[in-house]
């Protein structure tokens, strides 16, 4: 009963309700603009809400978080510029839908699925938080390594067409990710003595360039092509569609919660893994993946919103941030005189149910704000190219500068834009580059931590790989992912095993 | 127009000091570390109080990168007029010996050294030792078997280990992490056994019984964890390095007019006394220092000479502290 009281706290107070709504609304727009990140918005709010009551401040920030993660899909679908790395997978099938004149339907569907994902995340947070957080912290460096290698197998899914070109793009991403101070020894790598390169090449700058600028340059080819009229009659997806895709969205949401709960991995990897899983498990998509498959839109959107609930799991139970945003939340709680940590739920038991209730409320606002205003947004794609292309370029420059208040990132963004243009021209997939950059660090650090823990003893490393149940499962997943691509499986075993199905 | 009125008002409020024309515009605060980090949190919570006293806005910007060197160089390239503040942590004090940059805080004027973190050693609950002496004995008996987390060479953990190594040689396996947060998570998951971290980062986990405290790396016990012993009980030779710890401070460029430095110093000294700032620092386990003027310079010098020489003697400095005239502690 007491839990219910705290749960409903933000629902019943008009002020808290209004702040959550405002936060969610702002979050959608912050999330939609590439370069403006939720992390940044939340930390600016810390000093802004410094003198406020803690509940008021949290409502605004939770709204921004929930809205922001969802908002990243907007520009991904409409302009092929993901608002954040967690919306990269969304662009793969969302943008082709917009090109077919189905932007309204795509946004409607992604909104509903995001909200379902959000609810699954919150539900898991509410019922299983302690169990999952204990599980999440048992991940050893070698398990993160295996997870990252599993992530690399996604290159196959992200490259429609030539696998060789996909591998090339992925390897280039991994290489880009190694630039900067060595994460473990602070030795300089590929920096040429330039201080601006110490922190490496910013993945968001690369993303904005590869997707946004290259898209703008590419569209210059088609300046005179007739503008696609957007059908905006159907925005709220039909119930049959929602029901048909419900199993997929729930499955994707669970991927999202678990990856989100792991300290060190977040919505970006979750969304890509869910996309891959959807591509593998969907037997006969109406439209092939990469050309506007609804499954390819639903999976990443459900997963990245479910990762929000996931990220809260270790934060609320153990005081360990599940991602960059929850790390900022921990700072906010400190400033407001609370002690986020394993004792938080004992000292402040109301915090848990208040947060769960508030996340639920923010998720409902995502549904409301997400489904209204789609008509105006869809018109954006109908803009004359002469207006749209400069707008994309302007947005890209502002976004790249905003990451770090640094012009260096703008130059990188432009360079990656030109690179991305040529990659498109020669049919090289772009997704694997970003995947490579994201995973490069994870692999680099954890491989070395894993091997340092064994004092360089490879035999011991492999012995532990097989003796730990968690590592064995992850290893089996990698072997399976690779094996199912071999002729032995596709030509011989698969038909034999599934012929009667 | 609004600004003129504001600055006139500020001028009236400070009319006791002659020629009160600083500050007559917004002040820029450049934070060395990213949003949500400990430096960011400290600066964002002290600044609103300083704003009130100065009667002007302090616009905070995170300029991350190069272990804080990008922000440091940025502020150093600005005019020395007191309108650009460097809000940083301890890192620049190691730039010279690690070969990262040719400036450190001795090339700037400290406005206020706000607070200091107290380093301590924590261990995972299953570790077969409970005190510093037991830990040393165990490591000697089982060389190479204890995994110690680190935050990279020149980071706090490496300096604490170098301090211990200067008294007793220990064979441990060092595993680096990106900061003490991820390392303490790894400690709870059993990936490492021991971590030198700041008290503030570990205190909640210790109180909840998720890890155990081995010793404080300080010369006096802490009121936050009164039952935990201090490292000099087992290694009295470390006394010469203490008190030591990562700190947060506000700095301006060398050559800033005295009047501006005086006003900034006054504002931050009062801001650091604000009750909610004090509560925040206590909760996070940081010791308030609120040092300015010569005492601040002395603290910074001691920090620099202790870390530089420890790092040099441990063999991972790029250049000798002697080259920069840094005296031995």
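Cβ atoms here come from the backbone N, Cα and C positions, even for glycine.
Marked as transmembrane segment by TrEMBL: A:16-46, A:106-132, A:144-161, A:197-214, A:254-275, A:324-346, A:352-374, A:386-404, A:410-440, A:461-483. The domain 'DUF112' annotation in TrEMBL covers A:17-435.
Recorded stretches compared: A:16-46, A:106-132, A:352-374, A:461-483; the one with the most Cβ pairs under 8 Å to the transmembrane segment (A:386-404) is A:16-46. Residues 9-10, 55-57, 59-72, 74-75, 81-84, 204, 207-208, 211-212, 324-325, 328-329, 331-332, 335, 358, 361-362, 365-366, 369-370, 395-396, 398-403 of the same chain, all 6+ positions outside the transmembrane segment (A:16-46), place their C-beta atoms under 8 angstroms from a C-beta of that stretch. Summed and averaged per residue, pLDDT over the domain 'DUF112' (A:17-435) gives 87.
Same-chain neighbours of the transmembrane segment (A:197-214): 34-35, 37, 79-82, 84-85, 88, 91, 176-181, 188, 190-191, 392-393, 395-396, 399-400, 403-404, 409-410, 412-421, 423-424, 430, 433-434, 437-438, counting only residues six or more beyond its ends whose CB sits under 8 Å from a CB of the stretch. As a quick check, the transmembrane segment (A:144-161) and the transmembrane segment (A:324-346) miss the bar of 3 or more Cβ pairs under 8 A, pairs 6 or more apart, so the two do not touch. Looking at which of A:254-275, A:324-346, A:352-374, A:461-483 has the most CB pairs under 8 Å to the transmembrane segment (A:410-440), the answer is the stretch A:254-275.
Under 8 Å from some Cβ of the transmembrane segment (A:324-346) lie the Cβ atoms of residues 38-39, 42-43, 45-46, 49-50, 54, 57-58, 61, 65, 266, 311-312, 315-318, 352, all in the same chain and six or more residues away from its ends.
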